[in-house]
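Asks: Can you keep this structure in mind? I'll have questions shortly.
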Amino acid sequence: MISPKDFLRKNLKMIHGYPIIYTFANNWENIEQFHSRPDDIIIATYPKSGTTWVSEIVDMVLNNGDVEKCKRDFITVKVPMLEMAVPGLRTSGIEQLEKNPSPRLVKTHLPIALLPKSFWENNCKMIYLARNAKDVAVSYYHFDLMNNLEPAPGPWEEYLERFMTGNVAYGSWFNHVKSWWKKKEEHPILFLYYEDMKENPKREVQKIARFLEKNLNDEVLDKIIHHTSFEMMKDNPLVNYTHLPSTVMDHSKSSFMRKGIAGDWKNYFTVAQNEKFDVIYKKEMSGTTLQFRTEI
């Protein structure tokens, strides 16, 4: 019998040079050999970049803004996470995906190098949502306080150092966003920014609809924007992850959906931390055309 202590708060495991959550890494062979379908739609992000938000938007776009249809099940069932595997506790992402009808929505945080080859071979459409690194670091820290599948984050100062060096689950934010940005030159990838979606959700939802070849009128777009607002989603038990056991996600430590704003990093970074981060950021992001806004 598997006990939670066998997989909770374990150190990350290296998979092909990338640090991956312990229980996910133990299921690696199944992930690597995953069989995609040509009409699969992949929703990819670095953790804490608005994954659940964009997942619910995509589901609503595909269902023409039908709120009742979108209430059919939990987000973890509608948009399974490819690499999710928690032994004895819940259906794995792959098991859920095998049950889901086409077109399937597939969530992942995997870096380009670890994504199953099948997705490239089938030329699957992909949506990548990127968020500025400073807000990601703060959000990821709070997430790791409550997500017991991750190693304990320790103090914020130490966590930020690990984040800057890529010593967190899924590795370096810098490498993640840069590699997905580059890949869009040769593959159908819609690359979106969290800050743009916050600033002008209608424009960004229209981009998603066009990418998925859906023609939605203003009324439907407005309904989608209302239903997927941070306030609505934070209180929606189908998407706010309160349905997961508290042994896995302890909402008393921090809520899954915490603030959902751009610029919260300013409440956490010291002047010295910010200066050091900026130096590393400039070095890591030199040579890329990627541009991020740290506030809007």
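Each residue, glycine too, has its Cβ placed from N, Cα and C.
The active site, proton acceptor feature in Swiss-Prot is assigned to His109; the stated evidence is similarity to another entry. Per Swiss-Prot, 3'-phosphoadenylyl sulfate binding site is recorded for 48-53, Arg131, Ser139, Tyr194, 228-233, 258-260. Taken from Swiss-Prot, the feature substrate binding site applies to Lys107, Thr108, His109, supported by similarity to another entry.
Each of these features: where is it, how hidden is it, and who are its neighbours?
Replies: DSSP classifies His109 (active site, proton acceptor) as coil under the three-state reduction.
Sequence-distant neighbours of Thr228 (3'-phosphoadenylyl sulfate binding site): residues of the same chain at least 6 apart with a C-beta under 8 Å from its C-beta are Trp53, Glu56, Ile57, Met60, Pro201.
The Cβ of Thr108 (substrate binding site) has Ile42, Ile43, Ala44, Met81, Leu82, Glu83, Leu115 as same-chain neighbours under 8 Å, each 6 or more residues away in sequence.
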Asks: Report, in whole Å, the straight Cα-to-Cα distance of Thr51 (3'-phosphoadenylyl sulfate binding site) from Lys107 (substrate binding site).
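Replies: Just about 8 Å between their Cα atoms.
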Asks: Return only the integer: C-alpha distance in Å from Glu231 (3'-phosphoadenylyl sulfate binding site) to His109 (active site, proton acceptor).
Replies: 24
Asks: Determine, to the nearest whole angstrom, how far the Cα atom of Lys48 (3'-phosphoadenylyl sulfate binding site) is from the Cα atom of His109 (active site, proton acceptor).
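Replies: Lys48 (3'-phosphoadenylyl sulfate binding site) and His109 (active site, proton acceptor) have their Cα atoms 9 Å apart.
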Asks: State the count of C-beta atoms found within 10 angstroms of the C-beta of Thr51 (3'-phosphoadenylyl sulfate binding site), not counting that atom itself.
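Replies: Taking all protein chains shown, Thr51 (3'-phosphoadenylyl sulfate binding site) has 22 Cβ neighbours within 10 Å.
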